[in-house]
Every structure is written in structure tokens, then in C-alpha cells.
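One structure is given below, encoded as C-alpha cells.
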Amino acid sequence: MLLMNDSCRFIKKHNQCTVLCIFDISHSSRKLQNFSNSFFMKFSSNHGMGKEHDVLQELQVERPLYEQEALNEAYHYEKPKVSVIKSIAKSLKPESCESCLISTIPALYWLRKYKWQENALPDMISGFTVAIMHIPQGMAYALLGNLPPVTGIYMAFFPVLIYFFLGTSRHVSMGTFAVVCLMTGKTVSSYATPSDILVKMNETASIMGYQSSEPLPIYTPMQVATAVTFMVGTFQLVMYVFRLGIISTLLSETLVNGFTTGAAIYVLMSQIKDLLGLKLPPQKGLFKLIFTSIDIVHALPDANIAAMTISIISITIMLLNNEILKPWFSKRCRFPIPIELIAVVAGTLISNYCNLSKLYDIETVGHIPTGLPMPELPTFKLLPIIAWDSIMITLVSYTISMSMALIFAQKLNYDINSNQELLAMGSSNIVGSFFSCMPMTASLSRSVIQQSVGGRTQLASIVSCMILLVILLWIGPFFETLPRCVLASIIVVALKGMLQQAKQLIKFWNLSKLDACVWIVTVLTVVLISIDIGLLTGLLVSLATILLQSIKPYTCLLGHIPNTDLYLDLNRYKGVCMDDDQCKIKEYVDYFLKIN
């Protein structure tokens, strides 16, 4: 009697059952399955299978049945001998060293094969277009991190240069991203000492004659942000060393969608202060958004009418462009209208010549230094304090960037190395931490533009960096009079896509009620409690739903449709009868895990 594994065929005639067995032996199971299918079809056609009165002879299959240990002993299995010295010598060969260098720095490979005549012009056009987008987005998203606007320009220069050499995606645009900047800003507001509080502390100490041999720990927002960036880069390099790129798959589509939707609501509420020109006290800790909403309601009578008017006009113009002009213009020209840059330049000029800051008390960007920042070591004392926040930012940043990279790789048919992306992002963040940068992430809007206007490779990023270098060296101070309400308007309009993700709740609900619950819990926890706690809660609920459905799979008995090889669920197909013979087939339906 042969033991059956997964696959078998029943050929029934005159209450006799013939079984064609297929053994699942390592990687040969697929070939054996194909063999059985072809054998069964040929056997059936040769013997008139399918006719009601045909008689089929019994087929018997005999062969030795081995256990792995007995098979090894019978045929004298020898384990391959590995020589450490030979392995080291082989790895030190010039070919191996070159291969290792190319795998570590992919740009060395594709630059040698770069088709300059075909790709140079499209990459230059793409790089110029993305650089134009970097200016308003970088300045706006830097405000989410509670940092000077010029920080966003730094992020579009230093980390992007490193990613050019180490990254494997050809089309993602690295730099600022709303969700990651917001998470960094939360950490900055939690651990940095506000400037007004610092002034009061100094005045109080001076009046009281207080002197301490151990000064209180005082950290600037930039020190906290660069420490977070360094820690995020370190975690990403550790993940690269241990090949932990697979960790990103723990964040399912439902979880990422719910988290980014909740974060978008969080970002929207955080910008109301600048949109309306309100002066609100900073909030820290849990339920921050609830307390901020209460402060906004109380401060509404003191809203700045001029700032509110500028915000309404800016948002209206950008929405009209995105909804009406952009679709019409895209049919006639592949280059998008740089409406965000137009808003920034127009807002700066109007603010400068109308003196909006003094006449209407509109808050502006303020001082923007020229030139490149001097390299400075991160504050290492902060690293243990911001470690937990950095872990959350690491997971979100890597998952979002990998998701975008995979979208373009699948669309344009090239490969992405998930672990190499960890090396690229980790190295970029560590270098960026020395030059006043927040953790970098891929931006969907910039990446889509980089690909849609014709970008072929990451050479477009170098072109973008060169243009931004000119901005940093000479043009930066031009934007000092830019109203902050214009930047807040740019952020709000850019959030439209993420806010519209809420529509997908209906899809998740129809597919799986448990997945929909994960989405709802994640959004509510992010909005009502905290961003990092929302991500952790969503992750735990997602894993709990997977475990719940895995430990209790659906089971049923299968019934055979006569004269076919079809077996159907007896619980759902009432017209199918179970065979009278002693062989019964029971099906276990496992939960299908949807991961990135």
C-alpha cells in the first residue's frame, strides 16, 4: 500500500477505486504533478475514459519507499567538504572583489552601460523638473519637522547624492515625505527645548542668581532631528547586515493604508495654525491632536484675516490647477505646470513688495543661510532617548520607500534588491545626519513625476542636486519673506491623495471584515492618541488577526462529481454527494496573508 500525499486521482467503475498517487518529493512535486496530469489524460484517451460503459483496468505502481536516512546510507551520501582557506582565497580573487564592489555600489555597474545618447536628455529634463518640486515641498515639509525650511533643501541634496551610488531603484525620488517629517517633528517637539522656554530659564536663573555645576540638558530642534536621522540610519544598516529587509512585509497593505491616512489627518490638523495665522501653545504627549483642536477653537476669534485670505487663494488656485488645468495640459505637454513653485515665488514677491510681515503681522519663513552647512557630529547623548521613536520611523520610512520602488520596478520590468535598499538608505541617513538633515524617504508625487516626464535612471537625481546646489549657494535668501501660510497651503493640497485613501475602507470591508477593523483601529489610534502608538497598535492588531485566522482554519469534506476530477465543498454544494467507499477527502483552507 502506497501512502498518498497531497495529490491523487480517483477513477471509479463498478464500485472499484483506482488511485494514481503523486509523492511530494522536495522540488520535484511540480514536475510529478505535471507528469500525472499528462499521464492521466493520455491514459484516459487511450482507454476511452469518460464513456459510461467503458471498463478501466486497475493500475498498480510499485517502487521502493525510503526514508532520508536510509536513502543516504544505501547510496553512500557524502556531505560536501568546505575549506575555509579555499573559500577565503576564492573571495579574494580579482573577479570576486570586483563583483562584491559592484553589488555594493550598483552605480559602478549601470554607469558603464549607460546609453548617453538615449537617456541623457530625458534624465536631465526629469532632474530639472524634480528639482523644481523639491524647493516648495522641501521647505514646506521641513516645517512639519519643526525645523528651518532650508532643511528640506539640504535633504534633497546630501542624502540623494549617496543614494545615487548605492540605490537599486531607478525612479524613486528621495528626500522629504510628509508622514516621516511629521513623525520626526513629533520627536523634536518632545525632546527639544523651545527657544522661548530657554530664554525664560536663562532670565529666571539670572534673577535668582542660580548656578549649577551640572547644567540642565538643553537640546535644540536641529540636534534632536540629526540624532534621529543618525539613529534611523544605524538601524537600517543593522537590518542590512542581518538581511532583515523581509521585516517590511509585516506591514500589510491595510496597515500602511490606515497609518498613512491617519497621519494625513494629523498633518492637516497641524497646519491649521499656519493657515489661519494662529498663535497656539505647543502640545506634547498623548492626545496631542485633541488638545490642539481645543486650542484652535478657542483661538479662532484671533485668526489673522490676511493669512486666511492668502491660504484660501493659494489652495483654490492649486486645486483648480490639479483638477482642471493639469489633466488638460498633460494631453498637450508631458511637463507638468510647477504650480507649487509658482505659488512660492508669487507669495515671496507679494510679501516682499507689500511688506505683509509688518503691515499684517503675517509670519514668514525667516532667515535662510547661504552656502552648505558645515558637517557636525550628532548629539550622541540623545541616541538612547530617541531610540524608540527612531525604530518606528525606520520601519515606516523603509516600508514606504520599498513600496514605491517595487511599484516602478514591476511597471518597468527591472529588479529591486530589498537589502541593498537598506544599505543605501542607511548610508544616506548617516551622512545626512552630519549635514542638518531629517530621515529621508521616497516621495510618491516626485517619483511619479520623475518617471512620467521621461526619467530613465538615477542620473536625474544628480541633475536635481546640481540645480539645488545653485539654490543653496546663491538664491536661498530670496525666499526669506515667503509667508508660512503659503507653505501650509502646499502641504494641505499635497495631502489630498492620502486623505482620499479613506475611500478604500469600503474595499477592505468587502474583502475582509478583520482587515477593515485593522484599518479603523490604526486610523483612530493615530489620530486620537499618537502616531507611534498608532503604528504599534495597528501592527499588533494586524498580527492578532492573522494568528486568529491561522489557528482555526476552515475545514470541510469534499464530494466527487462523477466522471470528472472535480471535488467540491459538501457544506456549500448540496447537490454533490459523498462517495460510498471508505476514502474521504477533508480540506483545510488556510488564511491568505496579504503582505507587501
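Placed from the backbone N, Cα and C atoms, the Cβ positions cover glycine too.
TrEMBL does not curate its annotations; it predicts them automatically.
Among the features that TrEMBL reports, domain 'SLC26A/SulP transporter' is placed at 123-522. Per TrEMBL, the feature transmembrane segment maps to 150-167, 218-242, 254-272, 305-325, 382-410, 422-445, 457-475, 519-548.
Spatially, the transmembrane segment (218-242) is not adjacent to the transmembrane segment (457-475); fewer than three Cβ-Cβ distances between them are under 8 Å for residues at least 6 apart in sequence. Using a cut-off of 8 Å between Cβ atoms, the transmembrane segment (382-410) and the transmembrane segment (150-167) share fewer than three residue pairs, counting only pairs 6 or more apart in sequence. Taking the domain 'SLC26A/SulP transporter' (123-522) as a whole, pLDDT averages 90 in the prediction.
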